[in-house]
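First comes the structure, then the notes that go with it.
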Amino acid sequence: MKKAKYSLITCTLMVLMATACSKDTVETSSSPSNSIQPNTTASSAPTLPEEATIKIYTENNTGWPAKKDWDVWKWVKEETNITVEQVLATGPESLALAVSSGSMPDILSVFPEEVQKFGPQGAFLDLSKHMDKIPNVKAYLDSKPDVKARVTTPTGEILSIINDGAGEGNQAVWFYREDIFKKNNLAEPKTWDELYTTAKKLKQLYPDSYPFVVRHGLATLNYIGPSFGLYPELHRDPKDPTQMKFGLQDPAAKTMVEMLNKFVKEGLMPPDWLTMDYKAWTQFISTNKSFITIQFIGQIEIMNNQLTEGNLKFMAPPVGAGTQPYLPKGGAEIYGLAVASTTKNLDASLRYLDYIFSKEGRDIQSWGKEGETYTVEGGKRKFNANYKEASDLRVISGIQTAGTYGWFDFDAWMALVKEKEQLAYLQAPKYRLPVSSDLPMLTTEEGAAIGPANDQIWKYWTTETTKFIFGDKPMSEWDAFVKGLDKYEVEKIKTTYQKALDRQIANMK
Amino acid sequence: MVKRGQIRFFDIVNFLLLGFVAFASLFPFIHMASVVLSSPEHVIRNEVGLWPRGLQWDAIGAAIGDERLWIGYRNTLLYLVLGCCISMILTILGAYALSRKSLIFGKPVMLIIVFTIMFNGGMIPFYLVMKSYGLMDTIWAMVLPSAINTYNLIVMRTFFQGIPVEIEESGRIDGLSDFGLLPYIIIPLSKPVLMTVGLFYAVEIWNSFSAALLLLRDSNLFPLQLMIRNLVVVGQSGDVLETSVASGRTVVLESLKYALILLGSLPIIMVYPFIQKHFEQGALLGSVKG
Amino acid sequence: MKPTVFKRLKRDRIYLLLLAPVLLYYILFKYVPMFGIVISFKDYNLFKGVWASEWVGLKYYRWFLQNPDAWNIIRNTLLLGMYRFLFLYPTPIMLAVLFYLMRWKRYRRFVQTVSYMPFFMSQVVISSILIMLLSPSTGWINQMIKWLGVEPIYFLQKAEWFRTIYIASDIWQQVGFSTIIYLAALASIDPQLYEAARMDGAGRWKQTIHVTLPGIVPAMVIVFILQLGGILELSFDKAFLLGNVATLETSDIISTYVYRTGIIGGSYSYASAIDLSMAVISLILIYTANKVSRKVGETSLW
C-alpha cells in the first residue's frame, strides 16, 4: 500500500511532466533589454536579511535531475539571501537513515505516512509553536481549513505543511475514442447502464476488442467507485462528511460489482484487467482494442501522441448510483515540507518556508522573473521560447520540483499545455466527489491497536470482491460477504477513525 | 573418459534438452535486444517479439551517450578488481585454516561463521556501524562490508578438504611448512574452485547496489548497477512511455531500460566463457601427477 | 591420547594466524551490527536511537503470533520454500550431469554460457516478461493453448498456479548459474579414477554412477545444507510482482506481509521480530541437516 502511494505520487508528477507539449506561440526573446531592468533593480534594492545556508532534502527524479544552478535556487538567494543546498534521496530508506543518523537536513520533503511515523518520535519541528515567525504560512493555512485539518496531528501539532497547487495531474478521469464513437453514431454514455449498452455495441462492431479497459487492477475501484458515490474502503461519507463509512457496505457497491462482473463475463473488459500493467494498457489503447478507459488526466495527451489515427477525449463520468456524475476528489498534492527538530538554522529555515508561501515568493517560484523567464504581452504572461513544454520548467529552471515551492500557481503550468488538452483540466474539477479517500490522522497507539485488523480486512475484501467480479462466486452471496466484514472488526476500525475524525473537526474550530 | 559410439538415443534426447535450456535462456535477451532496436510505435503497441521491427538505434545510442553509465562502469571495474583481490585473499586464508579437520576451536569458529548466515542486526544498525567506521562515501564501503561471503568460504573449504591427504604428506616430505602448503600444493590443485569462487565474487560485486544505496551519497562513486537503477527507476514508478535523455531527444522508456540492462550485464556475461576453460576435464591432470 | 590445549594451540599457530583476519572481519562487519537484534524487543525510535528506545519485551512477537493470519502466512512461506527447494536443489545437478554427458564440446560450452545469462536479469524484468507471456488475452502461451483448442488459462489470477509460476521462474533464472559449482566439482575429480574404472571395464553409465556422482557428493551435501537453511529466504520482489489480490491465499508470504504492515507504527521492531523468529527456524533446520549429514556421510559444516 505504501508503495502504491509512492508510485501514485510519482505517477502524478510524471503525468504532469508529460502533459506538457510544445506551445506553438513561440516568440523571440533576444531583445529583453528593456524588460530586465525594472525587476532586478527592484528586488535587490531593499535590505536583505542576513546571509544563511540551509540544506533541503528532496527526492531525486531522473526526469529532471537536480542541478545546483537551477534558477529557483538563484531566486531564493536573491529574495531571501539564503543559499540552498539540495540533499538528494538515494533510495526508499533515505529518510529513515537521515532520521536515525542524527544529522538531518534542515528542511525535508516528506509524505504524510512519514510524518505519521517519525513525527511522534520527535524528528520534526512543531510549526504551530512558531506561527509568529511565519505569517505567510499562517495566512495560507487560515485560508485553507481543509489543508490545516490534514496537517494537524491528533495532539494539535503541525509537523509538516502539504504542498499545494500542483496536484491537478493527480486526478483520474474517464476518456474515450471520439473518432470511433462519431463513426458509429454513438453518444457519450451518461450512466453505467448506457456505458454497458455502448460497450455491447462496440463489441458487436469490433468483436476482437475489449471496449472498456483499466490499468490499475483492483485499485481501479477507487476511481470508478465515486460514480457510485463511494470509495471501496473506509472514507468520509460524501452525504455527511462528519461520518465515516465503509464503502462496500453501501448497497451501491453491490451494483458496482455486479456491473463489473457483467463486463468481464461478456468480454467487454479484458479477462486479465486485474493484472494488466501500464504496458498492456498502452497496447490496448494504441492498437484500437479498447475505446473507453479511466486513467490519470495526463494520459489523454500521452496516448493522443501515440495514436496514428483518431483521438481520445475527456468524458463526464457515467452515473452509477444517485443522480450526480462523480470522479474521485483529486487535485490535491500528497507530500509536503517539514523542518527537522534538530536544525541549527531555525530562523533561516522558517524564513525559507515563509518566503515560498508569500505572495511574491509563490509567484517567483512558479513563474520565475519577468524578463528572465517570461514576458508580458497584452496583460498576459508568456514564457520564453526555450520553454517548449511544461516539463521544461522543471528540467531547465527547477520550477515545480520538490522542495522548491510551497503553494504553486498552476496557471504557470497550464500556460505551456496545449490548448486542445486543457479541456480535461477545466472539466474534471466540476465532477469531483466532495470527499477524498484520505483518512484522518490516528495517534500511534490507535494505529497500533487496529493495525493487524486493518490488514486482515484488506485481505478479506480484496480476495472476495475479486471472486465476485470474476465470477468465481455468485452475486447471491454478496450479502453474506458484507456481513462477513463484521467478523473482521469493521466496526472497531470505523469507530477508531470516527473518533479521529471527530477530533479533527473539533480541532478545526 | 567418454567412449564413442554408445547410447545414441540418449545423446539425441540430451541434445534436445540442452537446446531447450539454451532457447529458454536466450529468449529474454533476444526479446530485449529486439525491443531496443525497434522503432517506438512497434514497441508501444507491443508488437516486438524475437525480431526487431522498424530497426533504429536511438535507444542504444541514448544509453551509450549517457556519461553516467561510463562513470558507473569505471567505478564498478575499480570495485571489482579491488574487491575480488581482498575477498579472494581472505576467503582462501579462512578456507585453508578451517579445512584442517583437527584445528583447535575449528568447530566453534565454524558455528560462529554459519550463525551470521541467518542472523543480522538489520539495515539501520548496519548503516550506523558502517558510518561509525568512517566508510561513508569511500570506495571501501563497496569492498569491505561484503569482503567475505560465508557461502563461498564454506564451498572453498569443502573443496580444500577434498584434496587427498597423501599429496599434502608428500609436500611435507619435500620440506613444505603449514604455510608453504598453501601456495605450492593447495592453490595449484584447486583451480576450478578458485575460478568458481572468484566468479561468484565478481558477479556479486557487479550486481550489488544495496550497499551503495546505504553508504554512498556522492554520485561520482556510484557503481554501474545503481546508476542504471536510478536511470530506469523513473519508469517503474510512473506511467510514462517516453523519456528524454541526456542528449535532449526522447526515446521509448522500455527500449532505454532494456538497453541499459543489456549494457549492464553483457560484460560480466562475457567473463564466463574464459573461466569455463578451467572446468574442462583433465585440466588437473598434469598437476596431480606431478 | 589427546594433546593438551596448549600443545594444540602451538601446533596450529600458523593456521590460527591465517584465520585471524577472517575472524576480525566477522566481528567487525557481522557481529558488531548484530546489536540491532535488540530492536525486536524494543519500541525502536529511530530518532532517539536504539539504546534510548523503550524495552517492550516480547510485545512484537506476540503481535505476530496473535494475528490469525500468521499461520497461513507461515504455512505459505514454508510450503513455497520447501517446493522451491525440492525443485531448485536437484535441477542444477541434473543439468550439470547432462552437460558432462554431452559429447559435442562446442555445443556444450555454448549452452553452458547462455544458461548462465538469465541470472543477470532483474526480478522486475523477468516478472514483466512472464506477465506478458502468461496473459490470457495477448500472451503467447495462452495463444498456443488456444491453438491447441483448449480454453485459455488465467495463470496469474489462480491461487493454485502461483507456486508453480514462482518456482518455474526461479529455475529459469538460476539453474544455469547454480550448475557452476558442480561443474567445478566435476573438474576436480582425479582423472586417474576414470582410468581405473575403465580398466575395470566400466561403461559410460557405470563411470557416471561410480566415479562422477561420488565425486560431486561433498558439493551436493554442502549445497543441500546451505539451501535448507535458506528455505525461508524467498524473494520479496518476485512474490510481490507475480502475486496479486486474487492469489493472496497462496502468495501472501512473510516478506510481503512485513512489507504491507510496514505502515504500522514501530514497523522496524515488528519486522525485526519476525525476522528473528524466521532465523531461529532456519538455524534449527541447518543444525538438523548438519547433524544428519555428519552421521550419514563425511561432509559437514562443523
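Cβ atoms here come from the backbone N, Cα and C positions, even for glycine.
As recorded in TrEMBL, the features of this protein are as follows:
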{"type": "TRANSMEM", "residues": "C:14-41", "note": "transmembrane segment"}
{"type": "DOMAIN", "residues": "C:74-289", "note": "domain 'ABC transmembrane type-1'"}
{"type": "TRANSMEM", "residues": "C:82-102", "note": "transmembrane segment"}
{"type": "TRANSMEM", "residues": "C:114-134", "note": "transmembrane segment"}
{"type": "TRANSMEM", "residues": "C:171-189", "note": "transmembrane segment"}
{"type": "TRANSMEM", "residues": "C:209-232", "note": "transmembrane segment"}
{"type": "TRANSMEM", "residues": "C:268-287", "note": "transmembrane segment"}
Other parts of the chain folded back onto the transmembrane segment (C:209-232), taken as Cβ under 8 Å at six or more residues beyond its ends:
77-78, 81-82, 84-85, 88-89, 93, 96-97, 100, 178, 181-182, 184-186, 188-189, 193-194, 197, 202, 254, 278, 281-283, 285-286, 289-290, 293, 297-301
Go through C:14-41, C:82-102, C:114-134, C:268-287 and flag the stretch with the largest number of C-beta pairs under 8 Å relative to the transmembrane segment (C:171-189).
C:82-102
At a C-beta cut-off of under 8 Å, are there same-chain residues at least 6 beyond the transmembrane segment (C:14-41) that contact it? List them, or none.
50, 53, 55-58, 60-61, 268-269, 272-273, 275-276
Beyond the flanks of the transmembrane segment (C:268-287) by 6 or more, those residues with Cβ under 8 Å of it:
36-37, 39-44, 46, 56, 60-61, 63-64, 225-226, 228-233, 254, 257-258, 261-262, 301
